[in-house]
């Protein structure tokens, strides 16, 4: 007999190779694996071993063998009956399938969104054809794949006496909606640093204060190193941290709030002791109040001889900021940012407010937060400064930021050091995003990169569709409809006028408007032209801008168009009041609308006998037409409105002059034109309704 391998022997006797190897080892015969050759002597020994085992079968084994024989006989008989036997089997299978399809009708079904006819039939345990018949009886022509709305689903289910419950499914694509609404267990919440923004008028010492705090309180490990500017930084006071946003104060409120982000916990309002309350101070107060954050007043420049802190306190009481010493609840801290005096006291007050407000977050979850700054770097790609507001962000986390996505490749803290984790209220600069996000975008970390990518792409697509069919902000045209639907309980207004008296008169008159269920709230007033800052505040607060004898500048117009902010311009106070009141009562029906078609800057003036003053102009925007109405604007204030008398290019009369061309203009019955004036051309267009 020739030699045989282990696996061949195992196959021959229907035994596993492993069993053969084990048996050989028990017999003290060494084999390495299933490919080992077995000689005749070893094969004989194995045969003897297995023959002895086969000769002593148990009763159970005998019964099993007999059963197998009987089964095999039955099977062989069945194979002979080819025709009728197979038919019987098919009938048995069909009966079995019918039995499986008979599903008990449930007492209750749940669904989310919509269901197709097929899905509803499956849930109800009915045939789709039966559901289609019922729909037909209701006058609805439907196919098996047609979507049914909630009312139709409830109607069909009630016909079978089945209760319907709609599941509320959280759409992770819209993660902003549930970031703020997530209920955290009290035990999971830990104390977090306060996020502080410094605001105030130009040259009142905001930047100096930031530098003073940074130079005196940054961590010692930074000394001698290169500080990386990431738009935010942390300082440590009495073993507690405070996060400062090193961004233009108003941007921290407006741009971010316009995108639904609330990043600031405390506002430091810097007011110069020698200068008092100025226009931008008032603007800052209105921004902070609109955001609903506590205000600490830092009375700066106390080292100057003309410093008068009592005057500052007195002026701020007019804006409901009453010092604690006078029975109010606003903290006032006298400081000198340039000399570093009072800084420690200011920081202690921040900690005190933080302690009272109890700022907390849950660090044991995936991170959520807001973009502070973002830019494109040639070497690193998209870079974003993120403020973690809840949870902990880690290197390697898949992340969705606004409409962008990626994985956190690297994180750098405020002192330029690489870090692996960032907890609540910590600012970090990250790389790894596919595109540059926008300041104020919300972000969320996810467990799965595939999921993050899918959500990021869906959000980008959604944003594109929203941009195409963009719905405007609150406007007078749809105001009454929104009031009727209960969407509007309060109308936010921003009032700008040419003089303070007009501002006060306009504001007082608007506040007197009395329409049931709706009240007027004036969030900001000011003197002078309507600026971009006014438009951004209006966008963030969903407000309407009312201008009396003032005009928006070019940037304000552009921003108003992009942000869909409604600007209403008037020259008579009672008409402005009438328009707002009519809108609130649903009686607004203007027939014509003014459309500004161009602007020209007066570069030079010429006085000509019997003609008057000729304005040598340069068209800066749009076009000036012969039949358009014009108004003269000086320093943002309208000083005259009338009609064009002549419009010339060189010596020729022309119908219109386009942008970037020079022209000569005379205005009917008006000669007081000066260099630097802006001539604005407008036409009246019929409003389509």
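Even glycines carry a Cβ here, placed using N, Cα and C.
Here's what Swiss-Prot has on this protein:
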type	residues	note
BINDING	200-207, 246-250, 300-303	GTP binding site
COMPBIAS	71-84	compositional bias 'Basic residues'
DOMAIN	191-360	domain 'tr-type G'
REGION	70-107	region 'Disordered'
REGION	200-207	region 'G1'
REGION	246-249	region 'G3'
REGION	300-303	region 'G4'
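A map of Swiss-Prot features onto the structure.
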| residue | record | DSSP (3 states) |
| --- | --- | --- |
| 200 | GTP binding site | strand |
| 206 | GTP binding site | helix |
| 302 | GTP binding site | coil |
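The number of other CB atoms found within 10 A of the CB of residue 203 (GTP binding site), across every protein chain shown, is 13. Residue 200 (GTP binding site) is surrounded by 25 other CB atoms, counting those within 10 A of its CB over all protein chains shown. Burial estimate for the binding-site residues (206, 302): highest at 206, by number of other CB atoms within 10 Å.
Per-residue pLDDT, averaged across the region 'G4' (300-303), gives 90.
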